[in-house]
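Heads up, the thing below is written out as structure tokens.
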Amino acid sequence: LTYYTPDYQTKDTDILAAFRMTPQPGVPAEEAGAAVAAESSTGTWTTVWTDGLTSLDRYKGRCYDIEPVAGEENQYIAYVAYPLDLFEEGSVTNLFTSIVGNVFGFKALRALRLEDLRIPPAYSKTFIGPPHGIQVERDKLTKYGRPLLGCTIKPKLGLSAKNYGRAVYECLRGGLDFTKDDENVNSQPFMRWRDRFLSVAEALFKAQAETGEIKGHYLNATAGTCEEMMKRAIFARELGAPIVMHDYLTGGFTANTSLAYYCRDNGLLLHIHRAMHAVIDRQRNHGMHFRVLAKALRMSGGDHVHAGTVVGKLEGERDVTLGFVDLLRDDYIEKDRSRGVYFTQDWVSMPGVIPVASGGIHVWHMPALTEIFGDDSVLQFGGGTLGHPWGNAPGAVANRVALEACVQARNEGRDL
């Protein structure tokens, strides 16, 4: 039980974790909490003689508090503090390998979920963070005072590059700011990435010339190797595209951070899709909450990330969703358990990420979405644009008109 230290005073530089743990029957909570702290830091299953060659007091994780979860039988929140020295600077990969790498398969636990992490400024300052952030993006696009509008091109698979470009053009001409590759559009036999990039670029510039607005399409650079991913991002930049896209969980944090550095150095915005997140965050008592994945993404680098909708076809509770939306956008977020925020998080000067509301939303949801997400967001309507009975461009017009109306009503102080 050397890892259970209820009298420990946490330091400003400690990385703090809140685990929701369900011990096996007969295992005391303190023992389970100590086991989590040990296995995710310096411990192993037995005492080893080489422990004497280092200072465990300096390097060990400490379980410093355990509280039972109200209304749940045999479930606890265990708070663990990790010394900063345990982690490589600027590596989300290393952070996750340490904290969630091994401990989730632990025999003494029936289930374990990482609910939240407190990242101290001493650590967060070693990360690149979003390549550009919210303000720089608005300046690049010269679009202010309203949410941005996007649309995922459907059917997501099976279109030829030529027809894909046509769909993009229709949407952008109608008034959307962005269109998007679906997360699983990479480079398949029916549409190789280069053909898609070329026909999309043509559509972009045509729509820009017609509307006088800057347009973007999230060109998905996700690939089977980092080298191939960079090749696609470089080609997108050469075409003059303003934004590329990456699936950060399937692509991996290492690839994601490499891409973020490239995007910052070359003036590309980076849109992040969270494909595979529900595998990790859907279970209520095992895995990892999305707010942890959102914090990790803000450090690893991305200018947009999908963040649920509160009103569409995918799961998400309003307060909890708003909790991690604030964690993405704001500099300083107060601890608030009702919104699932277990720790006060101070991002200091790290730029914010724009949350993207996407998944089963349509024009009818517009008042709710403008109210819930506010101006710094991207509202993404896939079927909600392309499903318009008159076609893509009228669908885009409908969305833009609805958005402008809601923003005007809000600015006049009317209740949405």
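Backbone N, Cα and C atoms are what each Cβ position is placed from, and that goes for glycine too.
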*Swiss-Prot has Asn102, Thr152, Lys156, His306, Ser358 down as binding substrate; which of Arg274, Arg282, Arg329 does it also list for that site?*
Arg274
*How far is it from Lys156 (substrate binding site) to Asp182 (Mg(2+) binding site), counting Cα to Cα, in Å?*
6
_Taking 8 Å from the centroid of the Cβ atoms of Lys180, Asp182, Glu183 as the cut-off, which other residues in that chain fall inside it around the Mg(2+) site?_
Thr152, Ile153, Lys156, Asp181, Asn184, Val185, Tyr218, Asn220, Met245, His273
_recorded positions compared (Lys154, Lys180, His273, Arg274) - the one with the fewest other Cβ atoms within 10 Å_ = Lys154
